[in-house]
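Pulled from TrEMBL, these are the listed features:
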type: BINDING; residues: 6, 7, 8, 9, 10, 11, 12, 13, 123; note: ATP binding site
type: BINDING; residues: 91, 98, 99, 100, 101, 174; note: substrate binding site
type: ACT_SITE; residues: 100; note: active site, proton acceptor
type: BINDING; residues: 120; note: K(+) binding site
């Protein structure tokens, strides 16, 4: 059994997998100390542990020790590379592509060898376009839904609130206007990425704000909360 770990800016997602199938999964807030929450993950006898993390290589030694301590198991860290089974990274320096973006693309390509538009709606909003031939066409990075609101509301006398409902209509006070502006900005960015990918492209969206944004997207878009872990599972299989 393998333990797969996806460490983002604020949350750690994990899954226990055997033969490419997820047996259990979950998510925990890590407050900048991902190694400190590993003890909260289920006990298991592991054959391997694979980690994808965007918090920087400075965390790797601590994470290795935490995995060794809790699971008596070595761990492998996922890296972005120039290619994976026909999927070709567009970056001139492939290792500089965020590993979460690379793994999300691997998941899309592993599932369906064809054109895809891959969106990760977390702290940042990222989009990556894959051509039908497997060539990564490029992508973009923008401020995420919450970051956009904080940037505006943080400069006013209005407190930032996260416990509000989004609607696709027009706002009627400053806070709701900012919310709608951020929502429409994110949706507009996704629409442009989808247009660049073409009408035949497979649309996948993941990330903390994906459930909210996916409600406003066309029906062919797939909400995939574990997309990065799916890519990590595929990478771990070779």
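For all residues, glycine too, the Cβ spot is worked out from N, Cα and C.
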Measure the Cβ-based neighbour count of the residue listed as 'K(+) binding site', defined as the other Cβ atoms within 10 Å of its Cβ.
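There are 29 of them.
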Which residues does residue 123 (ATP binding site) neighbour through Cβ under 8 Å, counting only same-chain ones at least six apart?
8, 9, 10, 144, 146, 147, 208
Restricting to the same chain and to sequence separations of six or more, state which residues have a Cβ under 8 Å from that of residue 91 (substrate binding site).
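Spatial neighbours, sequence-distant, of residue 91 (substrate binding site): 80, 97, 136.
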Out of 98, 100, 101, 120, 174, give those binding-site residues positioned within 10 angstroms of residue 6 (ATP binding site), comparing C-alpha atoms, in sequence order.
100
Starting from the Cβ of residue 8 (ATP binding site), draw a 10 Å sphere and report how many other Cβ atoms land inside it.
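Neighbour count, Cβ to Cβ under the 10 Å cut-off: 22.
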Going by DSSP, give the three-state secondary structure for residue 101 (substrate binding site).
helix
Within 10 angstroms of the C-beta of residue 12 (ATP binding site), what count of other C-beta atoms is obtained when all protein chains are considered?
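Here the count is 24.
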Whole-number answer please: how many Å between the C-alpha atoms of residue 101 (substrate binding site) and residue 12 (ATP binding site)?
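That comes out at 16 Å between the alpha carbons.
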Taking the Cβ of residue 10 (ATP binding site) as the centre, count every other Cβ atom within 10 Å, in any protein chain shown.
12
Between residue 100 (substrate binding site) and the residue listed as 'K(+) binding site', how many Å separate their Cα atoms?
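The residue listed as 'K(+) binding site' has its Cα 9 Å from the Cα of residue 100 (substrate binding site).
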Taking the centroid of the Cβ atoms of 6, 7, 8, 9, 10, 11, 12, 13, 123 as the ATP site, which other residues of that chain lie with their Cβ within 8 Å of it, listed in sequence order?
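So the extra residues in range turn out to be 27, 30, 34, 54, 122.
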Please report the three-state DSSP label of residue 120 (K(+) binding site).
strand
